[in-house]
Amino acid sequence: MVSDQFSTGPSPLDPPETDPEPREECGVFGVWAPGEEVAKLTYYGLYALQHRGQEAAGISVSDGNQIVVFKDLGLVSQVFDEQVLVSLRGHVAVGHCRYSTTGSTTWENAQPTFKTTATGSGLALGHNGNLVNTAELRDKAAELGLPTNGATTDSDLLTGLLAAAAADKGIEQAAMELLPGVRGAYCLVFSDESTLYAARDPHGVRPLVLGRLERGWVVASETAALDIVGASFVREVEPGELIAIDADGLRSSRFANPEPKGCVFEYVYLARPDTTIAGRSVHATRVEIGRKLAAEAPVEADLVIPVPESGTPAAIGYAQASGIPYGSGLVKNAYVGRTFIQPSQTIRQLGIRLKLNPLRDVIRGKRLVVVDDSIVRGNTQRALVRMLREAGAVEVHVRIASPPVRWPCFYGIDFASRAELIANGLDLDGIRRSIGSDSLGYVSLEALVQASEQPRTRLCSACFDGDYPIPLPDDARIGKHLLEGLEKGVAGDAAPVVAAGYGASDALSRP
Ligand code: SF4
């Protein structure tokens, strides 16, 4: 998918004819490693996780005495430079790259979030996922009179509650008691001045893995982030597990019984292809999905082309199984849309060409199979089919490496609302006519599950079948902007005004 659907607002470069730029959820990374440059390790870890969140990035580092947080809006490479990273000294770090699934894109909502406990120690936290009992947690925070300092995220609420509970029992015990009452999807990486913690919700909706460095430990959203810092994969953080790492070693505790429901969409689109989830390679899964797609939705054609890059492995699989030659017919402008510069009207009118450029010599005169990972609203595919026809394709057959998306996700992916989902209101032929292709085929949910090699019972597939494994509250108590406008009511104190930059356990100021 190129320009899509997992967003609530257009970026400056989202042309009207396509769906908003892809921004998935969040990436978390943590490291405990005395003697290592932990800020730089975290920077590279976040770099490998950049696809999981491009709105904001942050790193907290502690030297055993004080936690310093640096965060800002933008890509990891835009937020951090050598000077900042060198200034972040210590042996414990927490990193986060954000796409907002609760709360707006503001500096206050960037992570790691930071709170101080009543005893004066600090707590920095990064969260991937989305909670479903945020309203309940908000009520609890209001009862306790906890300040929000302008933040409007479930992650900030959770940090505040954890810091409040840690006052008399310490963070580890506080987490063991608080987390069983936190519902939804959460992979948490957090630290105080000396200890790194990681926790995963009992359903293990989002991935979280543990890695080993020669002189320490790493936790990360994806195995690809372990690879980039040279950490060896140890194991997944188990659903319902809390891990603590400090000078005494690694401690593992269970705060809830595991009931695994891993997100099947991680295999389709969200995770990097070079990541392994639950022992299964994401790339191999995608190739296998393509093979099954070819069996379930065959067509006579001259060339199979992917919508780069998430459609590429499935297109390879489709070509292998169908015997139709594979080729590159579209070139992606990889970083367009990652800029904050407003485009001119002329640039905006280029539409999908801002993001994809057709290779006319390859396409002209061909019957094409175009393989994409998913259709959510359908705007992108409509523009794509039109562009391929203008480039000379004689037939365009669209094949989708996931079933129709009919339901929104409440566990960390910001799909369109149900009313905006094209498959919610139209049948297969209605969708085909809407996007203007000669034919359209989706892979079945059964085939997708088989390709992931996970038992059906251990997967969440709610966006395809509406079967939500974690019960949802009623509509009034859920939603991305639930906490917006309420923060003043919860806050007991005034928020310091900081445009960007550092936050520390005793100060919030520019360097
Ligand atoms: S609803 Fe879909 S995207 Fe959300 S966690 Fe479940 S499978 Fe993943």
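Along the chain as shown, residues are numbered 1 onward.
Note that Cβ sites are derived from N, Cα and C of the backbone, with glycine treated the same way.
Sequence annotations record features per position, and here TrEMBL assigns region 'Disordered' to 1-24.
Within 10 Å of the C-beta of Cys26 (active site, nucleophile) there are 27 other C-beta atoms, taking all protein chains into account. TrEMBL lists Cys26 with the feature active site, nucleophile.
Under the heading domain 'Glutamine amidotransferase type-2', TrEMBL lists 26-248.
DSSP assigns Cys409 ([4Fe-4S] cluster binding site) to coil in the three-state reduction, placing it in neither a helix nor a strand. Annotation source TrEMBL lists [4Fe-4S] cluster binding site at Cys263, Cys409, Cys460, Cys463.
The feature Mg(2+) binding site is assigned by TrEMBL to Ser310, Asp372, Asp373.
Candidate recorded positions: Cys26, Ser310, Asp372, Asp373. Not one of them has a Cβ under 6 Å from ligand 1. Distance between Cα atoms for Cys460 ([4Fe-4S] cluster binding site) and Asp372 (Mg(2+) binding site): 21 Å, as a whole number. Cys463 ([4Fe-4S] cluster binding site) falls within a helix when secondary structure is assigned with DSSP. Highlighted in sequence order, Val205, Val264, Phe265, Tyr411, Ile413, Ser461, Ala462 have their Cβ within 8 Å of the centre of the Cβ atoms of Cys263, Cys409, Cys460, Cys463, the residues recorded for [4Fe-4S] cluster, and are not part of that set. Its Cβ taken as reference, Asp372 (Mg(2+) binding site) is surrounded by 24 other Cβ atoms within 10 Å in the chains shown. A gap of 18 Å separates the Cα atoms of Cys463 ([4Fe-4S] cluster binding site) and Cys26 (active site, nucleophile).
For the pair formed by Asp373 (Mg(2+) binding site) and Cys263 ([4Fe-4S] cluster binding site), distance between Cα atoms is given as 15 Å, rounded to the nearest Å.
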